[in-house]
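Here the structure comes first, spelled out in structure tokens, and everything after it is commentary.
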Amino acid sequence: MPEPQNPEAEGDKAAAAPAVAQPAVEHAPGEGPPMSELTGMFVVKPESVTATKGKDVTFVAKVDSSNLTRKPAMKWLKGKWLDLASKAGKHLKFKETYDRNTKIYTYEMSIIKVVDGDAGGYRCEVTSKDKCDSCTFEVSVQAVQEDQQDNILEAFKRSGDAGEDAGDLDFSALLKKREKKPRDEEPKEEVDVWEILKAAKPCDYEKIAFQYGITDLRGMLKRLKKMRAEPKKSDAFLSKLDPAYSVDKGKRIQLTLEVADPDIPVKWLKNGQEIKPSAKYVFESVGNKRTLTINKCNLSDDAAYECVIGEEKCFTEVFVKEPPVTITKLLDDVHTVVGEKVEFEVEVSEEGANVKWMKDGVELNRETAGSKYRFKKDGKKHILIINEATTEDIGMYYAFTNGGESKAELEVEEKELEVLQSIADLTVKSAEQAVFKCEVSDEKVTGKWFKDGVEVQASDRIKMTHIGRTHKLVIDDVKPSDAGDYTFVPDGYALRLSAKLNFLEIKIDYVPRQDPPKIHLDTSATGSKNTITVVAGNKLRLDVEITGEPAPTVCWMKGDQEVSVTEGRVRVETRKTLSSFVIEGAEKDDEGYYSITVTNPAGEDKMKIFVKIVDVPNPPENVKCTSVGEDSAMITWDPPAFDGGVPIKGYLMERKKTGSSRWTKLNFDVYESTTYEAKKMIEGVLYEMRVFAVNGIGISQPSANSKPFMPIAPTSEPTRLMVDDVTDTTCALKWRPPEKIGAGGINGYIIEYSIEGSDQWVQANEEPVEKNQYRVKELPVGEKMLFRVVAVNMAGRSPPATLGQAVTIREIVENPKIRLPRQLRTKLITVVGEKVNLVIPFQGKPRPVVTWLKDDVLLEDKTVGTRTSEVDSILFIRSAERTHSGKYTLSVQIENVSDSADIYIQVVEKPGPPIAVHVTDVWGFNAALEWKPPKDDGNSEIIGYTIHKADMKTKEWFTVYEHNRRPSCTVSDLVMGNEYSFRVFSENICGLSDESGISKNTAVITKTGLLHNLAPYREKDMNCSPKFTAPLVDRSVIAGYTTAISCAVRGNPKPKIIWMKNNMIIGEDPKFLMQNNQGVLTLNIRKPSLFDGGRYSCMAINDHGEDKVECKLEVRALQEKGEQEKK
């Protein structure tokens, strides 16, 4: 952490913009393996300052781009890795400018109304392809009108009113500020904390820091160490390590220093522990340089390092930067009800990354969340789980990484109880069983049963059960007193389910033997006479009681067809006095009129019944988005083609983000209209909608998804609308884009005009124009016209931008005027073969007549082209020739008024060679040359000559003079006894001539003095007899381990080497390997045994003699560990 500045030393200088200053710590080179070279790219670096709280401060950095191949990229960082570009806003502002003349980029960072949270270390990094540079600076914050002691303590506190752009490290603003209680004590004397710390023991530092409110213990120790240290010159180090280094995670870094003694050993320490060489840590020693290389840096390498030589030490710190973790899958909005489980899932770019969860600006973690929230990690997925949602959980939830953020909204509504099956009316006979059954959506809901408003109590005959979502009331052995209205009331809900129990009393009357048949069927409970409604898929059992004597015959018919089957899905079951009509799994085709006819000898009876099959409706159709707003969209759909036989009660809507699989409910109460405005959407995000239809039976399947649509808002009105030009029938307008564009962008602009005083606007362009200018044509001459411009995008038209005053359509007369560019006011010099393209602007209305002249004669050269527009004229030459040199005149004329400008063009090329080059005189070691100027000077003045000389022996040319102004020169310092030739090049502004003028004669420097007779060379005889310079040495080895014996010999010519064992020559035995490396002789014995022991000798022989050395080799057997302990 950077050390805070001393407020006493800085004063109040922070309010002014900083000039060039010395950075606090230069960024360390050596981040490796280096992808770019660390170079000095900064012309001006930011300086460290002490800012006054509440005031503004600006930092300036300048970068020279004259040697760069592409535009440099600048980053402003705080601390190790916090990129301040993501915090740009009202508190942090950035500015970039470029000077084309000096090729210098200027970067500015402004902190508006400095707060305490802005204190700390900052760094700016600039990169361009293979080059990079960085510098660091510090910001300290001092309060207004506070004494010295308070400023010292504030330098180490991280508290204050940090806004949303102040950084991520300051959470003290969340703490409640406790009011200070007034005290009647006498004011305490000021205490110098640093004097206390100097005199205290290191073990008391933490206690003192806590007592005086110092929270940055590491920064305090750094400053205390600097205050205690006495600056002295190091005898062991020529150059020390930089104060700090920075490296990306996974990269390589090198720490390099220079020592005074190249042979002295050094130690490297990490956090006080000595580092051992390994693949991770590599030590290098080259001359006076000592280098520590750290490969594949990770977070554990973020530590303090030191190099120790004797009693002297050199310190540095290495900061490891983690790569930013980005969010690859964003959070989805959640709409739920109370008590449901909620999961927010986000996916990041790296496994093991840290994700911070926040709700409405308050951080959620394992310590503060308790049992309400759970945090789950699954690879790259991070999940926030809310076990049971309540209305207190409503709000915005955020997931933060160090490289991005995502947010989602949680909406929680009170849970509504849904009735899945209501209780039905019952008609039972005496001693039968009556069962009331209902089913609700929540299996945890309990309830009570009532009869005629009185709660039903359980008994041996009456039982109440609750299994899952089903509630039952069972009455055994029904009695007449059990008849009445039964109601089920769920606990905690304003809901009542009612049904009626009808007691069927059987009366036995004595009647004559013959009784006409009678059908006893009461359908009044169904709400419509002789109509029975059945839900599709359910079972219909219609029990019809029949009386008559003798027993009547029963016939069921549907339409004209008789239903007589006794088995199957549709069947008739007949007993003595009861006929049952059964439909298993009712279908739509079962709907229709059914009749029952009973006959006996005494007569007949007949009844018709209409069976109505009802079902859930079909899905709604043609769901589409008709219009969008900034955070809303208007959705329409068509009612379902089939309503299920029951009127449609309303609709339920759901939406989701395109690409997501999670649907969010938009309403819990049915919505009756077929047009719905969806709100609370995010601008610029694609959404899809689907709709459910609801009738009295249930909810339909979802409709097909709508086409993706994006909530966007029309732009604001265009700005700075103004008149650019007016003629007798046209008017040219120009404007600037709207200040607020939004995610929908701009498709173009529509221009409209109206006569002053009229409210009818005419559109000037059929299609929107993309440019910010337009010329309206075919306007009435002399009329006063009003103009307005609107921007158009997917959301529609923006508010119009209207001219404040009417424009009179008439020709504006303007005298001709040529605006000659500055570079053409002097002679234009160009090289033969290059292009010439001159653009000369002029003004004048109506359009002036343009004429070009060369040397006061009308320009008719076909190799010189001209092109003229309403505002400028262009003269271009594709390949310049010397004949194109001269004076060119441009003349513009309107009626009798004209203006002209002269342009001088000179086309040049390299000159020819000088002529008549010759040596005029030779004396001593000097030679005089003369020549004449070239015949062709290349249409430019000769500015000098270049003279070369060459020795006639080597024929190599060497430069004698450059830029010689005169056509003559004297060549000195020639070598005695050599003969020289000379050549001369002529030079103008294009450079040296391609050919040279060579001297016609040569200069001979004659020899003088005595000759030196050298003694004849005698070659030394290097032949000698062999002689061993290193003898063989006796050795004792263990059997089974490969060994070697060696010696060294010299002799010329190279001697022949013979190895012997016990005076026997060793042949091509593969067990022995004989080597000779520059006279060093080695005999390798592969896994020797006890039989390989003995006397070995080596003999060297050449033409001048021989020499011999020998040694004794003892081979010992390997002893077991137990045998060694016995001995």
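Numbers here mean position along the shown chain, with the first residue as 1.
For all residues, glycine too, the Cβ spot is worked out from N, Cα and C.
The structure displayed is predicted, hence computed values, not measured ones.
Feature annotations, courtesy of TrEMBL:
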type     : residues  : note
COMPBIAS : 14-27     : compositional bias 'Low complexity'
DOMAIN   : 33-140    : domain 'Ig-like'
DOMAIN   : 231-326   : domain 'Ig-like'
DOMAIN   : 415-487   : domain 'Ig-like'
DOMAIN   : 517-610   : domain 'Ig-like'
DOMAIN   : 619-715   : domain 'Fibronectin type-III'
DOMAIN   : 717-812   : domain 'Fibronectin type-III'
DOMAIN   : 816-904   : domain 'Ig-like'
DOMAIN   : 913-1009  : domain 'Fibronectin type-III'
DOMAIN   : 1026-1114 : domain 'Ig-like'
REGION   : 1-38      : region 'Disordered'
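Looking at 33-140, 231-326, 415-487, 517-610, 1026-1114, the range that has the most CB pairs within less than 8 A of the domain 'Fibronectin type-III' (619-715) turns out to be 517-610.
According to DSSP, the domain 'Fibronectin type-III' (619-715) comprises 0 helix, 42 strand, 55 coil. Pairs of Cβ atoms less than 8 Å apart link the domain 'Ig-like' (231-326) most often to 33-140, out of 33-140, 415-487, 816-904, 1026-1114. Summarising model confidence by region, the domain 'Ig-like' (231-326) averages a pLDDT of 86. Within the domain 'Fibronectin type-III' (717-812), the DSSP-based counts of helix, strand and coil residues read 0 helix, 45 strand, 51 coil.
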